[in-house]
Amino acid sequence: MIWVIYLTELLLYVCFSILMGVFLLHVLPAAQRPVVAVSSKVIKWSIAGVLLFSLAPVFYLILQLQVHLGWALTVQNVLSSFEIGKAWVLTCVLSFFFYWFVSLFPVLEDRQYSALGLMFVLLLIGTIGWAGHSASLNDTMGFVDHFTHLSAVSMWAGVLVVIGWFGKGHTNWLLFLKWFTPVAVVCLFLIGLTGIRMMTLGIEVEHYSDAWILNYGQALLWKHLFILPLLLFAFLNGFWGRKKLKRDPTFNPLPWIKGESALLLLIFTATAVLGQQPPPHEISTALLHNGVSPLFHYIYGESLPAPLPVEFEVSGAGVTFFSAAILSLALALWGFLRKLSVLFVFVASLLIAVSTYLGLMTSIQ
């Protein structure tokens, strides 16, 4: 069942990204964005997806509690007493009105309607932030951080997903990059700032590596490592891609945008797993209740490092993997400059994250 929750969380982030990207792009004048063709069906299915996929953790909670209280009483209690249940009820109401709005009004033809659609998306993101771990640990600032984090991620990813997968050519591309590049930089800053703040609600910074022995820590580490190839693609698309298009008007940036959006999908996957793990306020206590991460145990291959904290040493395997990460970076840059396929650069950039991960794991004493 927990894997179903991971999948629904991932799909929830995808739905938010599509909605955010569609309405954000259509708030802007047509001359400042490439041509995109998104049907009303895609928007409606995304709204329905937000409603359905946000229900999954609520249903999982009901499924766990109904054994003791019965279905009827459990459903009533969860929807009326638990924050996650009350947030989903609000999500349901907002989704209904949002669906009704996009069905009756030309939301992609009038920028004012697009702005109202964008407000609906932000309100729905707010309901998710209300029910998140951060809000439960620190009501006001936890909610603000989660809301800002998810909004910034959805904005960055949404524009890339919509243009990459629904774009019809790269008309107005340089004008698009002129505003999107600084927006992406601001989003990255907000994602980093709020991400650190939310992380410290669950673990102290000095215990970051100690948490790797838990599923929470492994998911957090992978999320951070996937940012490395994402930054590489963002740099290639935002700076080198701009120069390349000026020199060569036939250069098609859309496949590279798809590559960047695919990396964001991997980050969404790690975030989906992370969001369902209890924050380990005390590593030893969390280890007692949740056990060692199977992935950590498989990679480390020995008994747990004892005593905690996890300590590092220079090892032959670690140096080899870190060298492989640097080589992968060089290959990715070389592939872009030599006009090799996006797939080649994408795989090379992924190897940066994988090699760095293995380097860290094999450097643990």
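Glycine is treated like the rest: Cβ placed from N, Cα and C.
Whatever TrEMBL says is automated annotation, not expert-curated.
Per TrEMBL, the feature transmembrane segment maps to 6-30 (among others).
The transmembrane segment feature in TrEMBL is assigned to 42-67 (among others).
Taken from TrEMBL, the feature transmembrane segment covers 87-108 (among others). Counting residues 6+ beyond its ends, the transmembrane segment (87-108) has Cβ neighbours under 8 Å at 22-23, 26, 38, 40, 43-44, 47-48, 50-51, 54-55, 58, 79, 114, 116-117, 120, 123-124, 127-128, 130-131 in the same chain.
Sequence-distant neighbours of the transmembrane segment (115-135) (same chain, 6+ residues past either end, Cβ-Cβ under 8 Å): 12, 16, 19-20, 22-24, 26-27, 50, 54, 57, 83-84, 87-88, 90-91, 94-95, 97-98, 101-102, 107, 142-147, 150-151, 154, 198, 201-202, 275, 279. Residues or ranges marked as transmembrane segment in TrEMBL: 115-135 (among others).
TrEMBL lists 147-167 (among others) with the feature transmembrane segment. Cβ atoms under 8 Å from those of the transmembrane segment (147-167) belong to residues 13-14, 16-22, 24-25, 33-38, 42, 121-122, 125-126, 128-129, 176, 180, 183-184, 186-188, 190-191, 194-195, 198, 254, 257-258, 260-261, 264, 267-268 of the same chain, restricted to positions at least 6 beyond its ends.
Look at TrEMBL and you will find 176-274 tagged as domain 'Copper resistance protein D'.
Under 8 Å from some Cβ of the transmembrane segment (179-200) lie the Cβ atoms of residues 28, 32, 133-134, 141-142, 145-146, 148-149, 152-153, 155-156, 159, 208, 220, 231, 234, 238-239, 242, all in the same chain and six or more residues away from its ends. Look at TrEMBL and you will find 179-200 (among others) tagged as transmembrane segment.
According to TrEMBL, the feature transmembrane segment maps to 220-240 (among others).
Packing against the transmembrane segment (261-278) from elsewhere in the chain are residues 2, 5-7, 9-10, 13-14, 17, 57, 132-133, 153, 156-157, 160-161, 164-165, 214-216, 219-220, 222-223, 226-227, 229-230, 233, 286, 290, 346, 349: each is 6 or more residues past its ends and has a CB under 8 Å from a CB in it. According to TrEMBL, the feature transmembrane segment maps to 261-278 (among others).
Residues of the same chain lying 6 or more positions beyond the ends of the transmembrane segment (314-336) and with a Cβ under 8 Å from any Cβ of it are 229, 232, 236, 240, 344-345, 348-349, 351-352, 355-356, 358-360, 362-363. Annotated transmembrane segment per TrEMBL: 314-336 (among others), in sequence order.
Among the features that TrEMBL reports, transmembrane segment is placed at 343-364 (among others).
Long-range Cβ contacts of the transmembrane segment (6-30) within its own chain (Cβ-Cβ under 8 Å, at least 6 residues beyond either end) map to 36, 38, 42-43, 46-47, 49-50, 52-54, 56-57, 107-108, 111, 114-115, 117-118, 121, 124-125, 128, 150-151, 153-155, 157-163, 172, 179, 264-265, 268-269, 271-273, 275-276. Summarising model confidence by region, the domain 'Copper resistance protein D' (176-274) averages a pLDDT of 90.
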